[in-house]
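> Residues or ranges marked as substrate binding site by TrEMBL: TRP73, TYR80, ARG81, TYR82, ASP139, ARG165. The 2-oxoglutarate binding site annotation in TrEMBL covers ASN124, ARG125, TYR126, ARG208, PHE209, ASN210, LEU211, THR212, PHE213, ARG214. What TrEMBL records for HIS135, ASP137, HIS191 is Fe cation binding site. The feature domain 'Fe2OG dioxygenase' is assigned by TrEMBL to 117-217.
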Amino acid sequence: MNLDLFDHPDFHPHWREELAPGAVVLRGGALKDDTALLAEINRIAGLVPFQYRATPGGYAMSVAMTNCGDVGWVTDRQGYRYQATSPENQQPWPAMPALFRSLAVDAADQAGFPDFQPDACLINRYQPGAKMSLHQDKDEHDFAAPIVSVSLGLPAIFQFGGMERSDKTQRVALTHGDIVVWGGPSRLRYHGILPLKAGEHPLTGQYRFNLTFRTAGSQA
Ligand code: MD6
Ligand code: FE
């Protein structure tokens with residue numbers, strides 16, 4: 001066996017792990033595009049900087065966020081919602097890069113959701129200690145469409161629960177290049193991210209980035 005194979009820049013190991021009906025991890029699914037994805041994240045953040053938004057209850061989130069696509073997910077004292085413009089500059093969000101769209105559509109297809117048409121991409125940035133409490137993704141108009149979630153940089157523990165907040169959760173380690181696709185019977189499961197452990201990643205430094213693609217649907 002030629003062990004040099006594993007050091008070759010074009011070697012991108014990937015495999016799938018089923019989490020539950022409708023939920024699959026495509027391990028390494030974004031590895032081949034990692035550098036280009038991070039360049040786009042940096043470009044978008046240069047246009048609309050990451051923000052620590054307030055929850056409706058008035059707490060600052062520990063995860064910093066920006067968006068691209070037709071609509072973006074925001075939160076403030078008025079609540080959670082999608083809107084077509086950034087609250088900071090009232091301008092439309094940057095367009096969803098073709099690479100983002102094709103990666104998300106391909107991943108959804110591999111997971112058994114053909115015809116995924118994402119119109120929103122939330123970009124989350126985690127620094128050490130940042131977390132996402134258990135929640136359901138239910139601000140979208142269309143629960144028939146899955147969600148595609150791409151992890152880059154430092155590893156994190158994803159909590160994957162059931163339909164009730166109190167249901168038992170599984171813990172799934174998500175590392176650089178992993179893609180989670182979830183929809184169908186899993187679409188409304190509770191989930192979260194445990195506090196990020198400090199570390200250093202060769203491409204992202206002290207951060208974890210997560211892209212979540214959704215079909216938010218037309219907003220009233
Ligand atoms: C994160 N992800 O991975 C947060 N939601 O940083 C999510 O909240 C999420 O990964 C729905 C489906 C997949 C996800
Ligand atoms: Fe979520």
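Cβ coordinates are placed from backbone N, Cα and C, and glycine is handled just like the others.
Any idea what these are sitting next to in the structure?
Under a cutoff of 8 A between CB atoms, and with a sequence separation of 6+ in the same chain, the neighbours of ARG165 (substrate binding site) are LEU134, TYR190.
Neighbour list (PHE209 (2-oxoglutarate binding site), Cβ cut-off 8 Å, at least 6 residues apart, same chain): LEU38, ILE41, ILE123, ASN124, ARG125, TYR126, SER151, LEU152, GLY153. In the three-state DSSP classification, PHE209 (2-oxoglutarate binding site) falls within a strand.
DSSP classifies HIS135 (Fe cation binding site) as strand under the three-state reduction.
A mean pLDDT of 97 is what the model gives for the domain 'Fe2OG dioxygenase' (117-217).
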> Return only the integer: C-alpha distance in Å from HIS191 (Fe cation binding site) to ASP139 (substrate binding site).
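Spelling it out, the Cα of HIS191 (Fe cation binding site) and the Cα of ASP139 (substrate binding site) are 15 Å apart.
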> What's the CA-CA gap between ARG81 (substrate binding site) and ASP137 (Fe cation binding site) in angstrom, rounded?
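Approximately 11 Å lies between the Cα of ARG81 (substrate binding site) and that of ASP137 (Fe cation binding site).
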> Of TRP73, TYR80, TYR82, HIS135, ASP139, which is closest to LEU211 (2-oxoglutarate binding site) if I measure between C-alpha atoms? They're all binding-site residues.
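Closest candidate to LEU211 (2-oxoglutarate binding site), judged by Cα separation, is TRP73.
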